[in-house]
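Engineer: Features from TrEMBL:
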COMPBIAS  196-205  compositional bias 'Polar residues'
COMPBIAS  206-217  compositional bias 'Basic and acidic residues'
DOMAIN    291-423  domain 'Oxidoreductase molybdopterin-binding'
REGION    176-231  region 'Disordered'
TRANSMEM  23-43  transmembrane segment
TRANSMEM  63-81  transmembrane segment
TRANSMEM  102-120  transmembrane segment
TRANSMEM  132-157  transmembrane segment
TRANSMEM  235-253  transmembrane segment
Amino acid sequence: MNTISDTAARETGVRSPRLTARVGMLLGVSITVCFVTGMLSHWIQHPPGWFYWPSRPVWGYQFTQGLHVITGVVTIPLLLVKLQLVYPKLFARPIVGSPARAIERASIAVLVSSTIFQLLTGLLNTAQWYPWAFFFTTTHYAMSFLVVASILVHIAVKLPVIQRALSSPLAATDSLDHDTSHSLPPRQPAPLVEQTPGNAGSTGTADHRTPPKRQDEVSASSPSGSDKRVLSRRMVLQGTVALSVLSALAFAGQSVPFLRWLAFLAPRSGEGPQGIPINRTASAANVVESAQRPDYRLTITNGPRTQELTIDQLRAMPQHTSELPIACVEGWSARGTWQGVRVCDLVAFIGGDPSRDIRFTSLEAGLYGISTLPANIANDPLSLIALQLHDEQLTLDHGYPCRLIAPNRPGVLQTKWLSRIEIL
């Protein structure tokens, strides 16, 4: 691998600021989109006071979180190509040098290490595999700012080179290509080979002996020599784009139904009980017994007023149907047809103020056992306390006896195994 890539770099000048700048631009776009969509997901789950998230389109979060995961996956091949293009510079001498150089190299070390960390842990999160002790969500959120900050520092330092490189044709050759930071160590001259009568040509006489040639010149002029370019900058750039597109398609199917047949790397097939995958089972949530108790009641409170409803009483209320996706933070999504009681009808039933947010509490204890539904989404007629999925009673793993389902909302906030609803 190194022999091929090193030969290509020497023979065609692949390691050029022009190519590096263009790959870096693609990398910057993918990281920017990934960062923005990640921030949206964080604000939806932990909304600051100024933040507003609408209930429509119902597929909004499905799109943004799917895009977040896809761009994260696309960033992986882009980063690998970028590192391959610049790795001689990473080991250039002096390692430290002047204070300015030391700061620059430290920022590059932070950039590379933090980006690799983000991509690796994010990829493992899509498979729900956590071989570490830290809490993924908090760490992923904090590290994203470190990645962005180090990118901004890197761009600021390299801006003059970036501007010159992007303003020049990809295949051009001038002083930019003599930047030693993108060059490999020079090769030693090949040994001289004298053209003797046996190898000189047609006459075979001493009078027609040609000047001595270097071994590499003999090879290049011979039929068996290699005068073909192994790679060109354009080929590398096109290959990088193609690999990135392939990576996107390999994961996009878990978010885009009609691409599911292409999603050979996606950790979720889109299949599951009642046609919807499951992230957390009732057994894992430790609610198997409490969710099936014959004396189960759903408690609804509005200030001092409290009402307890059985499943039969919920079923006796007007039932409505909503076709909504479950869109999870890992990037997968699936659409289902849900039946149940409208949230706004339950608010009216208890005499609640429709302008107030609503807190939902699960039988499951822990971090995600409580969620808050903003008033604008609670008032959407598609928001339900679901009792059925695809005309069948909810399975235990899907949230039996009842669960929240609302439009344009992360799956982690679609609280299952409801025990209490409180008008705030």
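Backbone N, Cα and C atoms are what each Cβ position is placed from, and that goes for glycine too.
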Engineer: What stretch of 102-120, 132-157, 235-253 shows the most Cβ pairs under 8 Å to the transmembrane segment (23-43)?
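Structural biologist: Top-ranked stretch among 102-120, 132-157, 235-253: 132-157.
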Engineer: Please give the average pLDDT for the domain 'Oxidoreductase molybdopterin-binding' (291-423) in this predicted model.
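Structural biologist: Computed over the domain 'Oxidoreductase molybdopterin-binding' (291-423), the mean pLDDT is 96 on the 0 to 100 scale.
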Engineer: In the domain 'Oxidoreductase molybdopterin-binding' (291-423), how many residues does DSSP put in helix, strand and coil?
Structural biologist: 24 helix, 55 strand, 54 coil
